[in-house]
Amino acid sequence: MIFTPALLYILTGIGLFILGLYALFVHSHLLRKILALNIMASGVFLVYVAAAYRSPEAISDPVPQAMVLTGIVVASASMLLGLALAARVKAKTGRTELDDGSPSE
Amino acid sequence: MAIFEQSIHWPVWLMVLPLTGALLTFAIYRYQNLIGLITAMGILWSVIALAQKVLTEGPQRYSIGGWGAPLGIDLYVDGLSTLMLLLTAAVGFFVSFYGVGYAGFRQHNHGSGYFWPLWLFLWTALNGLFLTADIFNAYVTLELIGLASVALVGLSGQASALNAAMRYLLVGLLGSLFYLLGVGLLYAGYHTVDMASLGQAAQAGPLPRTALTLMGVGLLLKTALFPLHFWLPPAHANAPTPVSSALSALVVKAPFYLLLRLWFTVFPDSTTGAAANLLGLLGAIAILWGSIQALQTQRLKLLVAYSTVAQLGYLFLVFPLTQDSMAASTAWSGALYYTLAHGLAKGGMFLAAGTIFYALQQDRIQNLNGISRHLPVTAFAFGLAGVSLMGLPPSAGFLAKWSLLTAAIANGQWGWAIIIVLGGLLAAGYVFRVLSYVFMQAPSKAHYRPVPWLMEWPALLLALMAICLGFITQTPLTLIEIGAPMSYQYLLP
């Protein structure tokens with residue numbers, strides 16, 4: 001496979017995705033988890049933008065850019081819901097982490 | 001009248017109607033219940049009209065705005081989508097009535113006004129997912145389903161519900177991102193997100209396989225297949241009852257539906273027997289693990305939630321059982337019938353469990369003594385739903401299990417057959433454990449709260465539908481056949 005600039009961006013995007021995935025699992029603070037998901041989303045968007053690249057001369061494909069735009073709207077809505085929920089969890093329980101997950105008997 | 005009929009595009013109507021209803025119930029707070037119920041009836045009407053069209057004319061395709069694939073967004077309806085839409089409409093209809101009667105909302109007053117808008121948003125998103133012919137649009141609808149469900153889970157505002165909602169949101173977003181990454185890779189490779197064009201373009205190879213794996217992981221997280229089920233029991237058990245019912249009956253089926261589409265109709269060449277067996281194995285473990293957890297838990301709503309984990313396992317047996325072309329169509333019809341049967345039965349069971357919870361103000365299983373005297377309708381509904389979940393004849397659950405069993409035996413895949421039978425026995429175990437308390441002669445001296453009739457009857461009607469679909473099989477089976485990847489030849493018995 002030829003090493004093109006697009007491939008470099010795709011690999012960077014996948015790298016960000018993996019970094020975010022790691023952070024999501026190791027950090028227990030809810031804000032950090034939300035940030036980790038944000039970074040994963042940025043990685044995915046980078047892959048999309050790189051997928052729009054055709055050749056140095058050609059105009060890049062507008063469809064993935066439109067999809068990234070949609071993705072950003074969806075992602076910001078989800079992140080806001082996440083932040084609002086995290087604030088409610090903090091206000092109600094005084095904790096910034098999730099409980100251990102075992103359903104209360 | 002004929003012109004009028006032709007001018008209505010039911011697929012579009014199915015999304016516009018609940019969306020309008022959601023906005024109206026948000027804006028006109030006073031007549032929320034009335035607007036909501038009219039919307040629910042309208043959706044049911046539209047789905048039936050669409051089903052009739054599909055039954056007579058076969059699969060339908062509709063281009064929104066006349067743009068057409070690959071640039072525009074297309075809607076596509078075949079038997080599989082129609083079945084899911086019908087299930088959603090049936091469960092949604094009764095959940096809506098239950099929601100009007102649900103007295104728990106008056107208890108936790110602050111979130112109750114948001115039930116209708118959020119529930120109708122959820123309905124819009126579910127219909128959108130079942131109708132879409134576009135994998136990117138499917139991502140958007142998946143995300144909308146997730147957001148609406150999370151908000152509904154946290155509606156009561158109690159600490160346990162908020163925690164469950166937060167965990168649900170994180171898992172849902174993680175699943176969506178995996179799915180979205182897979183879509184991105186596919187677009188990079190094939191320059192289209194339309195399912196039909198992708199199906200034509202994709203040959204077996206590393207790219208579709210990687211993409212399918214990524215999307216699969218995301219969807220399995222959202223479907224809560226073992227071992228990715230950890231978020232489901234707290235979320236489903238802590239949500240308000242109408243929400244629990246919709247989540248267990250419908251929301252977990254949505255990503256499963258998408259997985260079926262991708263696996264069987266878009267990338268049939270990229271799937272491998274090993275992957276199918278792995279999904280089947282995880283499903284088998286889910287059946288055993290979920291049933292054992294359900295047998296051990298002390299709380300009724302949690303038991304019903306664990307039962308969902310177990311029952312979802314059955315759906316995944318479709319992957320290994322369709323490998324042999326001999327019985328593929330039987331396995332396919334069986335799995336789809338299972339989706340239908342489980343949706344109706346579990347919807348009814350959750351509503352019944354919620355009614356019992358409300359009447360007793362707690363749901364410890366030891367304290368359910370003799371509750372059938374106070375809530376005969378609810379107890380009967382729980383029992384009937386249990387009959388279908390266990391797979392006793394003549395319920396829809398029996399027919400579905402029988403088809404899966406037939407397929408397994410026809411293929412000589414004895415391992416799966418044993419799991420199917422064992423799962424039924426374990427289900428009988430946890431259902432009878434509850435029923436033995438419910439129908440016990442000596443009633444406890446607990447204080448019962450009076451229950452509105454709208455909390456009792458929707459559960460019973462849903463459970464009755466699950467039983468009736470054991471008799472009325474012609475229409476659903478014909479629907480399953482329309483546009484199915486495996487042609488249906490026979491279904492025993």
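Note that Cβ sites are derived from N, Cα and C of the backbone, with glycine treated the same way.
The transmembrane segment annotation in TrEMBL covers B:12-29 (among others). Same-chain residues lying 6 or more positions outside the transmembrane segment (B:12-29) and placing a CB less than 8 Å from one of its CB atoms are 35-36, 38-40, 42-43, 46-47, 50, 62, 64, 75, 85, 113, 116-118, 120-121, 123-124, 127-128, 131.
Sequence annotations record features per position, and here TrEMBL assigns transmembrane segment to B:34-55 (among others).
Packing against the transmembrane segment (B:75-101) from elsewhere in the chain are residues 11-12, 14, 33, 36-37, 40-41, 43-44, 47-48, 50-51, 54, 58-64, 115-116, 119, 123, 126-127, 130-133, 195-196, 241-242, 245-246, 249-250, 253-254, 257, 260-261, 336, 339-340, 343-344, 347-348, 351, 452-455, 457-459, 461-462, 465, 476, 478-484: each is 6 or more residues past its ends and has a CB under 8 Å from a CB in it. Summarising the annotation, TrEMBL assigns transmembrane segment to B:75-101 (among others).
The transmembrane segment annotation in TrEMBL covers B:113-130 (among others).
What TrEMBL records for B:134-425 is domain 'NADH:quinone oxidoreductase/Mrp antiporter transmembrane'.
Taken from TrEMBL, the feature transmembrane segment applies to B:136-156 (among others). A Cβ distance under 8 Å defines the sequence-distant neighbours of the transmembrane segment (B:136-156), meaning residues of its chain 6+ beyond its ends; these are 73, 104, 108, 111-112, 114-115, 118-119, 121-122, 124-126, 128-129, 162, 164-166, 168-169, 172-173, 175-176, 179-180, 183, 187, 193, 222, 235, 238-240, 243, 246-247, 251, 254-255, 258.
The feature transmembrane segment is assigned by TrEMBL to B:168-190 (among others). A Cβ distance under 8 Å defines the sequence-distant neighbours of the transmembrane segment (B:168-190), meaning residues of its chain 6+ beyond its ends; these are 135-136, 139, 142-143, 146, 149-150, 153, 197-198, 201-202, 207-208, 210-222, 228, 231, 235, 255.
The transmembrane segment annotation in TrEMBL covers B:210-232 (among others).
For B:244-264 (among others), the entry in TrEMBL reads transmembrane segment.
The transmembrane segment annotation in TrEMBL covers B:270-290 (among others).
According to TrEMBL, the transmembrane segment annotation covers B:302-323 (among others). Beyond the transmembrane segment (B:302-323), the same-chain residues lying 6 or more positions past its ends with a Cβ under 8 Å from any Cβ of the stretch are 223-226, 229, 232-233, 236-237, 244, 248, 252-253, 256, 260, 263-264, 273, 275-277, 279-280, 282-291, 293-294, 331-332, 334-335, 338-339, 342, 346, 349-350, 353, 365, 389, 400-401, 404, 407-408, 411, 413, 416, 419-420, 423, 426-427, 430, 434, 486.
The transmembrane segment feature in TrEMBL is assigned to B:335-360 (among others).
As annotated by TrEMBL, transmembrane segment applies to B:372-393 (among others). Tertiary proximity for the transmembrane segment (B:372-393) is limited to same-chain residues at least six positions away from its ends with a CB under 8 Å from its CB atoms, namely 307, 311, 341-342, 344-346, 348-349, 351-353, 355-356, 359, 400-402, 424, 427-428, 431-432, 434-435, 438-439, 443, 448, 451, 455-457, 459-460, 462-464, 466-467, 470.
A contact between the transmembrane segment (B:270-290) and the transmembrane segment (B:34-55) is absent, since fewer than 3 of their C-beta pairs, 6 or more residues apart, lie under 8 Å.
Residues 80-81, 84, 87-88, 91-92, 95, 98, 119, 122, 126, 129-130, 135, 138, 142, 145, 149, 152-153, 175, 195, 212, 215-216, 218-220, 222-224, 232, 235-237, 271, 301, 304-305, 308, 312, 315, 318-319, 322, 332, 339, 342-344, 346-348, 350-351, 354, 485-486 of the same chain lie 6 or more positions beyond the ends of the transmembrane segment (B:244-264) yet place their CB under 8 Å from a CB of it.
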